[in-house]
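> Here's a structure for you.
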Amino acid sequence: MAMDIEKKIYLKRQLGYFWGTNFLIINIIGAGIFVSPKGVLQYSSMNVGVSLCVWVFCAVLSMTSTLCAAEIGITFPYTVAHYYFLKRCFGPFVAFLRLWTSLFTGPGVLASQALLLAEYGIQPFYPSCSAPAVPKKCLALAMLWIVGILNSRGVKELSWLQTVSMVLKMGILSFISLSGLFLLVTGRKENVRRLQNAFDAEFPEVSRLIEAIFQGYFAFSGGGSFTYVAGELKEPSKTIPRCIFTALPLVTVVYLLANLSYLTVLSPQELLSSDAVALTWTDRVIPQLTWSVPFAISASLFSNLVTSVFETSRTSYIASRNGQLPLLCSTLNVHSSPFIAVLLDVSMGSIAIVLTNLIELINYLFFVFSIWTVLSVIGILKLRYQEPNLHRPYKVFSPFLFITAAISLSMVLIPLIKSPKMQYIYVFLFFLGGLLFYVPLIHFKLKLIWFQKLTCYLQLLFNICIPDVSDEHVAEEES
């Protein structure tokens, strides 16, 4: 397809309330609710009542952290809003370190999701044993590249896929929830008695209760992902709050009903002994459909993989726009999609799939994101003090900021204190290793002549161009 020279190429504001709500729901609900929702129950000392209360409490905590991110996305309504926010609050070096972390954890996330998707997609064909590694990796690579192609076709191509995936995911969870309620009303006496005596079991110690809260809090992660797409949302100051107050209560209700359904059919002991709770539940309720559960989980993970590629490619695009990655990463194709950024992230994710040991090392970087959450809270307070007249269509309730900072700081300190490992030192060194790239290439602006020639060649090869920055800024200013 030839590129129309009269056509303006830039990231457009074309995503509305329905797409944004789908995006949030897909990001929050992963495979955990299908596979292993037993962590909260285990650390609640098998106290059913306490475990359900923990889920409600975690939903409230998730809402506070998501609303903190909402202030960032609404105040800075740009694509990858948190990058602009950190750059304004703490300077370009801190923003680069955030990018530096994302460049390596992003492909690790893609590889982990693709491998898990492949595992559940291929396992039904090996009922009596574990699936071989080679077919699993081949399927993971195929799924990742299919998702990459879909992302390169622009957000319009993703809209229908997200809608289908969200409907399928919510349909499965609704079936589990409603079936559980039906069995609770018409079921045996022991099912009803188990919930009537929900608080009769031993009350957990405070340390175990905190661990249960962490387990549940992770299940709600992903609520702040809209900051990646704030620059492509229509009227972000209105759309973002509406999406949050639709998606999070809906996810909370579904999580509670699904757990209630599991506990109606399975005893706490049976739930803890199961590696795939949804599979065990289906085997008890409708044995004929047991084979379908792995495919349902795969469909759920496929939608998560789509949104993950979408997010990581936008990070590379914005960093390039701000001179912290090569100019090539900010080029767009005729579908207004950052094709090279998508290609880069999918390629790095493919390498991580082949070298699976790398994923274990990359997983140690995840706790670093809690540091960024703490810095974001500090940044919000800093801007409120230094720039009180900055236009803020929305301001989060101040106590929510301190609650979010306390939870995120705990997620950093507790692993270090409870089970210190040498790998955390490696993560710290990796974190500072960004200096080796920042100083010569960004601070001193070292230019590589051969890379400029490569940029011109790839622009012609892939039919891509530098975005019309003036039009993109107009779209941002209009918001």
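Using the three backbone atoms N, Cα and C, a Cβ is placed for every residue, glycine included.
Okay, so Swiss-Prot annotates it like this:
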| type | residues | note |
| --- | --- | --- |
| TOPO_DOM | 1-14 | topological domain 'Cytoplasmic' |
| TOPO_DOM | 36-47 | topological domain 'Extracellular' |
| TOPO_DOM | 69-89 | topological domain 'Cytoplasmic' |
| TOPO_DOM | 111-129 | topological domain 'Extracellular' |
| TOPO_DOM | 151-165 | topological domain 'Cytoplasmic' |
| TOPO_DOM | 187-208 | topological domain 'Extracellular' |
| TOPO_DOM | 230-242 | topological domain 'Cytoplasmic' |
| TOPO_DOM | 264-289 | topological domain 'Extracellular' |
| TOPO_DOM | 311-338 | topological domain 'Cytoplasmic' |
| TOPO_DOM | 382-396 | topological domain 'Cytoplasmic' |
| TOPO_DOM | 418-423 | topological domain 'Extracellular' |
| TOPO_DOM | 445-479 | topological domain 'Cytoplasmic' |
| TRANSMEM | 15-35 | transmembrane segment |
| TRANSMEM | 48-68 | transmembrane segment |
| TRANSMEM | 90-110 | transmembrane segment |
| TRANSMEM | 130-150 | transmembrane segment |
| TRANSMEM | 166-186 | transmembrane segment |
| TRANSMEM | 209-229 | transmembrane segment |
| TRANSMEM | 243-263 | transmembrane segment |
| TRANSMEM | 290-310 | transmembrane segment |
| TRANSMEM | 339-359 | transmembrane segment |
| TRANSMEM | 361-381 | transmembrane segment |
| TRANSMEM | 397-417 | transmembrane segment |
| TRANSMEM | 424-444 | transmembrane segment |
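For each feature listed, report its degree of burial, its nearest neighbours and the pertinent distances within the displayed model.
When pLDDT values are averaged over the topological domain 'Cytoplasmic' (1-14), the model yields 56.
Within its own chain, the topological domain 'Extracellular' (36-47) has Cβ neighbours under 8 Å at 54-55, 58, 198-199, 201-205, 208-209, 211-212, 215-216, 219, 258-259, 262, 268-269, 271-272, 274-277, counting only residues six or more beyond its boundaries.
A Cβ distance under 8 Å defines the sequence-distant neighbours of the topological domain 'Cytoplasmic' (69-89), meaning residues of its chain 6+ beyond its ends; these are 11, 95, 98-99, 223-224, 226-233, 236-237, 240-241, 244, 314-315, 317-319, 322, 372, 375-376, 378-380, 382-383, 390-396, 476, 479.
Residues 14-15, 18-19, 22-23, 26, 232, 299-300, 302-303, 306-307, 309-310, 313, 333, 335-337, 339, 342-343 of the same chain lie 6+ residues outside the topological domain 'Cytoplasmic' (151-165) yet bring a C-beta within less than 8 angstroms of a C-beta in it.
Here the topological domain 'Cytoplasmic' (311-338) is broken down by DSSP into helix, strand and coil counts: 15 helix, 1 strand, 12 coil.
Through the fold, the transmembrane segment (48-68) approaches residues 28, 40-41, 194-195, 198-199, 201, 203-204, 209, 212-213, 216-217, 219-221, 223-224, 244, 248, 251-252, 255-256, 259-260, 263, 268, 373, 376-377, 380, 396-397, 400-401, 403-404, 407-408 of its own chain, all at least 6 residues removed from its boundaries and within a Cβ separation under 8 Å.
Here the transmembrane segment (90-110) has Cβ contacts under 8 Å with residues 82-84, 144, 305, 308-309, 311-312, 315-316, 319, 322, 324-325, 345-346, 348-349, 351-352, 358-359, 362-363, 365-366, 368-369, 372, 375, 379, 430-431, 434, 437-438, 442 of the same chain, all six or more residues outside its ends.
With a threshold of 8 Å between CB atoms, the same-chain residues lying at least 6 positions outside the transmembrane segment (130-150) that come near it are 110-111, 114-115, 117-119, 121-123, 157-158, 161, 302, 305-306, 309, 342-343, 345-346, 349-350, 353-354, 356.
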> At a Cβ cut-off of 8 Å, and with pairs 6 or more apart in sequence only, do we get at least 3 pairs between the transmembrane segment (166-186) and the transmembrane segment (243-263), yes or no?
yes
> Should the transmembrane segment (243-263) and the transmembrane segment (397-417) be scored as in contact, given a threshold of at least 3 Cβ pairs under 8 Å and pairs 6 or more apart?
no
> Kindly say whether the transmembrane segment (290-310) and the transmembrane segment (397-417) touch, using the definition of 3 or more Cβ pairs under 8 Å where each pair is 6 or more positions apart.
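They are not in contact.
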